[in-house]
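What TrEMBL says about this protein:
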ACT_SITE  A:Ser169  active site, nucleophile
ACT_SITE  A:Asp336  active site
ACT_SITE  A:His369  active site
BINDING   A:Arg239, A:Asp370  substrate binding site
DOMAIN    A:63-372  domain 'AB hydrolase-1'
REGION    A:1-24  region 'Disordered'
SITE      A:Arg338  site 'Important for acyl-CoA specificity'
Amino acid sequence: MPNPDSQAPGTAGPDAPGSDSVGIVTPQTARFEEPLLLACGRELVPYELVYETYGELNSSRSNAVLVCHALSGHHHAAGYHSADDRKPGWWNEYIGPGKPIDTNRFFVVSLNNLGGCHGSTGPTSINPASGKPWGPDFPPLRARDWVHSQRHLADRLGIACWAAVIGGSLGGMQAMRWALEYPERVKHCVVIASAMKLSAQNIAFNEIARHAIQSDPDFAEGRYLEAETIPGRGLALARMVGHITYLSDDAMATKFGRDLRSGSLEQGVEGSVEFQVQSYLHYQGSQFSGSFDANTYILMTRALDYFDLAREYGDDPVAAFRHARCSFLVISFSTDWRFSPARSREIVDALIAADRPVTYAEIDAKEGHDAFLMPIPRYRDLFAAYMQRVGTD
Amino acid sequence: MRLDLTRIQPWIAPGSRVLDLGCGNGEFLRRLQQERQVRGMGLEIDPDNITAAVGRGLNVVEQNMDEGLANFPDQSFDTVVMAHALQAVHYPDRVLEEMLRIGRESIVTFPNFGHWRCRLYLGSRGRMPVSKFMPYTWYDTPNIHFCTVRDFEALCAEKGIRILDREMVGNTDRQPVLASAWPNLFALTAIYRLSR
């Protein structure tokens, strides 16, 4: 789940000479006036999708790649918004000139999903019926709703068929849904650190996150914008729990160990003690609570929980994947316990049984679920090798 | 490209489905795709080989044969190939059975431990053979199940596996006659085409 703060250091800035960055990018907005029928039965109209593009669409319109974001992600996947922007987009390691999703070759589209809080229509938008922010009244969404809205964006951009639909975590779920909903519009489906459905343990973690937000008195039953408050403590707590699950035991041991940030545990010394990991979690929590909408977090975690690839196919993943027409790349990471390699193997086994072309690798990485955002040589080389093939198919 | 792979190629029907167990860097499967238009899939565990095979445009799944092949449906491939890996798996007999469950036919190649040089080495020095062809020491080797041509055919007989074809490769191209006449002594590599 994209965590902009775990960006690796050393990425070239927007003005760096010989930069492998897409440089300065400007988000765009697509407005849709035709109603979108949602899985819950309600219609959303009008709605807006904020997106960025990197690279050039070729004359045959055959080099377009869709990047689907994860739980806390957004449209800003690569490059910088201004010359003094400190941090690049959340997948800058993998999108850019000469990178696996090579912008010299591909036209990359990255959007903020519906229900998001970074510009696309969501709980912080004004509900035209009431003139007030949607808040908790924003319709519940499923991954398939995002896929359907992304299809309208593809139509708007004149893209009849994606060379690849790519996503990690919740983004991988959207990529798989694309392969089933619009089989004729996807040539390659790249599913990274994802699953066909969440486990009970996974849903349980999401419930803790939601409960933390809903228990914050400032949540005001979800109408905090009208009450002019922000459930910052709840959001921070939700993020802290989530963050622990995105890292591995090893990664936390390496990064923080038992190092102290302040105080002393020596006998005879009184006073409070703070471990480095405590300070890190508090920082992550407060950063997040200042930049993310609580209702969006609840909506997105529910979409994760409700996702079940094969539900509409008799609960049979093999039957589901028989609808796909594309080739698949599936990648997992050895220490990812939130979306474990076993979940990816289930995807691969179903694809094999459905006789679909599939490539699979389990990358040895200590970073846990967050590994999918990290610069890991084997991951990068494999991803790049596969994208070469996408570019020539 | 290893010699035994050249001999295998004619046994693979154009356009058929091929599963290559231990596909390495994908060289063989790639050639089958180009020359036989097969629909191929490779299994491999070495990370660099996987990346190289993906770079050749192949479908490769990271999977360890020793942990089973149960995820492959019955008769889902025309041919299942395993080149020079039989001697490296934990249960060669079970892998053979699985290959014939998954594929209509199987092609297996292995180094013949009954070759006269192995015998001479073992007989004269009393030590496990180490050569250019079998370069590992006994204690540090992926090859844990060496067998001879005769051993392999005995296993096939025991398991009711039909030998459709066999090709023997001598240690030089000048010796095909010897390798064919006395394979257990003169074949360096044995190649079998099998079915149920």
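Just so you know, glycine gets a Cβ as well, placed from its N, Cα and C.
Curation does not apply to TrEMBL; its annotations are automatic.
Since the structure is predicted, the reported quantities are computational estimates derived from the model, not experimental observations.
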Listed recorded positions A:Arg239, A:Asp336, A:His369, filtered to Cα within 10 Å of A:Ser169 (active site, nucleophile): A:His369
Distant-in-sequence Cβ neighbours of A:Arg239 (substrate binding site), under 8 Å, six or more positions away: A:Ser72, A:Ala209, A:Gln284, A:Gly285, A:Phe288, A:Ser289, A:Phe292
Cβ atoms near A:Ser169 (active site, nucleophile) (within 10 Å, other residues, all chains): 29
Integer Cα-Cα distance in angstrom, A:Arg338 (site 'Important for acyl-CoA specificity') to A:Asp370 (substrate binding site): 10
Cα separation, A:Asp336 (active site) to A:His369 (active site) (Å, whole number): 4
Inter-residue Cα distance where the pair is A:Asp370 (substrate binding site) and A:Asp336 (active site), in Å: 8
Local backbone state of A:Ser169 (active site, nucleophile), from DSSP in three classes: coil
For the domain 'AB hydrolase-1' (A:63-372), mean pLDDT (0 to 100): 96
Cβ neighbour count within 10 Å of A:Arg338 (site 'Important for acyl-CoA specificity'): 23
A:Asp370 (substrate binding site) CB neighbourhood, other CB atoms within 10 A: 25
